[in-house]
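Reviewing the structure listed below.
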Ligand SMILES: Nc1nc2c(ncn2[C@@H]2O[C@H](COP(=O)(O)OP(=O)(O)OP(=O)(O)O)[C@@H](O)[C@H]2O)c(=O)[nH]1
């Protein structure tokens with residue numbers, strides 16, 4: 001019965017989609033639409049641009065105004081931040097996924113196709129910005145006129161510069177009483193040499209200056225440098241999974257044209273496929289029959305179709321020798337083990353991870369296993385917020401609950417006799433799980449990942465920020481003046497020292513005024529050891545960590561104390577030991593205890609007693625058993641927090 005209902009539902013959905021397409025084709029064929037949206041547009045009338053900025057400087061609000069101005073949504077529509085479509089984005093009020101909207105705008109009697117990409121601001125989603133920028137010729141660099149230039153402003157500005165994009169510097173929130181556009185223009189000039197007269201001012205909230213900004217996009221950003229006369233070639237900037245249509249891709253067309261029914265092939269595996277779906281995203285899908293060089297369109301090749309971010313889709317005739325892949329591999333900042341909360345959910349979680357990873361190209365997924373948690377996956381993320389958002393999306397979008405082990409940054413080692421070590425090839429190995437670390441005798445050199453951190457702070461906090469960074473093993477680089485009240489400081493910092501709580505500590509010591517961003521600074525030589533945790537003499541693999549020798553005693557003490565707080569007292573005494581190469585660096589003991597939850601009940605109703613025992617049994621289910629010791633599930637991840 002259930003299968004029958006499901007089939008009827010799928011059948012209806014499939015034909016509803018087909019009917020919409022037929023209707024739209026009819027409209028195009030008979031030129032019923034007054035807009036030129038479905039005609040193949042000449043490249044001079046195309047502008048591909050992105051909005052980039054520091055967190056909360058108003059990108060999504062500005063995108064709303066641009067959608068209103070181009071007639072996509074009605075002014076004053078109930079829903080705000082329309083392009084933040086994920087539940088996690090609405091709940092957290094942050095953008096985590098870049099979204100495209102193709103907009104039509106008539107300027108001086110000519111209709112332009114403007115492809116807008118709204119990007120996230122948080123550093124953990126910077127991969128989305130990098131990915132989006134590959135399809136753009138220009139960016140709106142948005143800066144809050146009250147807060148001024150912040151750390152991510154510096155990062156996105158240099159990214160735009162590196163990609164030779166036209167930058168439209170724009171001040172937002174000029175409606176705020178404390179907005180100080182002149183001060184921010186001075187900052188832009190001193191840091192980026194931007195001339196004050198080229199800076200536009202808007203209030204995304206009130207809609208002030210938005211029309212002028214849109215026209216500046218048309219005037220200042222060049223059309224895409226593409227040719228529609230050669231063979232078809234597009235590169236994929238996003239992918240997602242559709243229940244009925246398989247993998248759908250967002251593609252930027254570099255050359256030629258693409259049509260429904262056309263035969264194409266993927267550069268990665270030369271697989272030949274037929275284009276089944278083609279649409280503009282406005283941001284809702286609008287099916288089209290044909291698209292041309294310079295456009296950003298949705299392409300699908302049916303349920304068996306492929307596609308992954310960075311891959312290229314080309315026409316059958318396209319010469320293979322002409323392709324040069326431009327994608328730079330993602331450097332993952334943290335790795336964690338992901339396991340199903342319940343063994344029966346393993347397959348469901350596996351499917352969910354596969355589908356979500358298709359939509360979140362920044363994660364890397366490899367099989368993993370753990371004695372306490374069973375079969376799972378080792379997943380690489382760009383930071384802890386990324387990890388958090390990924391698990392929340394698994395639950396919200398795929399109803400898959402996951403347990404995560406303590407996250408760890410990747411390390412690199414050079415082994416002495418590579419051939420002597422089982423499973424390892426070559427003499428340099430990237431370690432994503434502390435348990436992979438070979439015997440210290442076999443290791444010639446250790447390397448740990450470093451980042452170049454940029455901090456913009458009011459001058460009165462320079463001392464506190466320096467102390468914090470030095471305490472985290474940072475080395476200072478020369479600083480720059482932002483204006484008379486603010487300075488830009490830079491430090492080379494070990495990634496392991498900033499990944500957990502650096503940002504929160506920085507905010508608290510600067511009364512929330514400092515902002516922080518970082519970029520990869522590669523692996524550098526270090527002195528590291530693997531620290532294991534033993535519970536009553538049994539190794540708990542999930543709690544092993546790699547630490548810098550200068551942090552050894554501190555980390556050992558902190559970890560054992562934290563575990564003492566987190567593991568509930570049990571019927572046996574528990575000895576917690578932090579051990580390095582057989583030597584114990586710290587020890588805590590949890591005394592034996594038998595909890596009788598019904599002890600406080602004197603007589604009374606039997607149902608009350610049963611209820612208490614049931615609650616206790618449910619609590620126990622959430623525990624993981626290691627050497628007969630019950631460890632609460634969240635211990636594995638929470639223990640790392642300072
Ligand atoms: N007063 C005022 N508030 C604004 C303006 N533009 C945006 N805001 C507010 O600033 C906050 C952040 O706006 P968003 O549009 O979510 O910022 P964002 O840059 O997209 O944020 P992330 O995607 O998380 O980086 C919201 O509360 C907006 O209402 C403006 O022009 N004036």
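Placed from the backbone N, Cα and C atoms, the Cβ positions cover glycine too.
Predicted automatically and left uncurated, TrEMBL annotations should be read as such.
Sequence annotations record features per position, and here TrEMBL assigns GTP binding site to 53-60, 118-122, 172-175. Taken from TrEMBL, the feature domain 'Tr-type G' applies to 44-226.
Features as recorded by TrEMBL, highlighted on the structure.
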| residue | record | DSSP class |
| --- | --- | --- |
| 53 | GTP binding site | strand |
| 59 | GTP binding site | helix |
| 119 | GTP binding site | coil |
| 174 | GTP binding site | coil |
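Residues near residue 119 (GTP binding site) in space but far in sequence (CB under 8 A, at least 6 apart, same chain), listed by position: 50, 51, 52, 59, 95, 98, 125, 128, 129, 132. Cβ-based crowding with a 10 Å cutoff singles out 59 as the top-ranked of the binding-site residues 59, 122. Proximity of the binding-site residues 56, 59, 174 to ligand 1, judged by a Cβ distance under 6 angstroms to any of its atoms, singles out 56, 59 in sequence order. Across the domain 'Tr-type G' (44-226), the prediction's mean pLDDT works out to 89. For the binding-site residues 53, 174, the greatest number of Cβ atoms within 10 Å around a candidate Cβ is found at 53. Taking a C-beta cut-off of under 8 Å and a sequence gap of six or more, residue 56 (GTP binding site) has these contacts in its own chain: 121, 144.
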